[in-house]
């Protein structure tokens with residue numbers, strides 16, 4: 001165990017010393033390798049989206065376990081949960097009126113559990129809620145996402161309102177974790193259950209991104225044409241990539257902490 005820990009320390013120290021551009025390059029290379037592995041292992045790439053929803057549900061389940069077992073919501077961002085509920089509700093509406101399928105059922109289950117978490121934080125465990133740390137203003141993301149959805153949305157035959165809602169939930173999902181990252185940035189110490197939850201979000205976002213990228217590659221770009229014309233197809237892919245990279249830094253320190261045998265995750269300055 002000691003040699004492996006030493007190796008982890010050497011690798012992590014080397015990565016930490018690299019300039020930002022080198023770290024970004026390493027992240028891109030690692031992501032491309034992971035995509036190549038998924039493409040060869042998972043034959044039906046639609047399963048990646050289902051897997052992303054399932055991992056998100058697992059993350060929510062970990063959060064529920066924390067709330068029920070420890071009876072505290074310290075370190076959890078209520079605002080991130082509210083943003084998650086908003087984009088899930090918007091996506092659920094779009095699923096009902098545009099394409100009712102297995103994703104609708106998964107979104108419904110995830111929305112129900114997210115609303116329960118919000119209820120627990122707001123009413124049952126309000127005394128442990130760290131409102132002073134959860135200080136990210138929601139209009140910083142809601143307003144830009146709404147404006148962007150009005151300007152750039154699908155060009156399909158669906159009603160204008162439905163297309164705007166579709167775009168809004170895509171953009172909002174990409175940045176919904178920002179308040180949670182702000183809480184962790186303010187506290188610097190992340191207890192295990194919250195860390196597991198955020199890591200699950202990171203894995204879910206990567207699987208969702210992989211689903212879109214591999215679908216585009218498999219269709220040789222025809223999927224982008226099916227999504228419509230203009231900026232919308234590119235914005236879908238950009239949103240998926242953005243939400244993946246937002247959590248990449250945290251996931252690195254999470255894996256490092258777990259492999260190093262640390263139960264509590266301590267984030268260096270400048271992370272997230």
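Backbone N, Cα and C atoms are what each Cβ position is placed from, and that goes for glycine too.
Small disclaimer: the values here were computed from a predicted structure and weren't measured.
Feature annotations, courtesy of TrEMBL:
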- 24-42: transmembrane segment (TRANSMEM)
- 104-123: transmembrane segment (TRANSMEM)
- 135-152: transmembrane segment (TRANSMEM)
- 164-181: transmembrane segment (TRANSMEM)
- 193-214: transmembrane segment (TRANSMEM)
- 234-255: transmembrane segment (TRANSMEM)
Chain residues outside the transmembrane segment (135-152) and at least six past its termini with a C-beta under 8 angstroms from it: 77, 79, 82-83, 86, 164-165, 167-168, 171-172, 175-176, 178-179, 182-183, 186, 230-232, 235
Cβ-Cβ under 8 Å with the transmembrane segment (104-123): same-chain residues at least 6 beyond its ends: 50, 53-54, 56-57, 60-61, 63-64, 67, 73, 76, 78, 81-82, 84-85, 88-89, 91-92, 95-96, 129
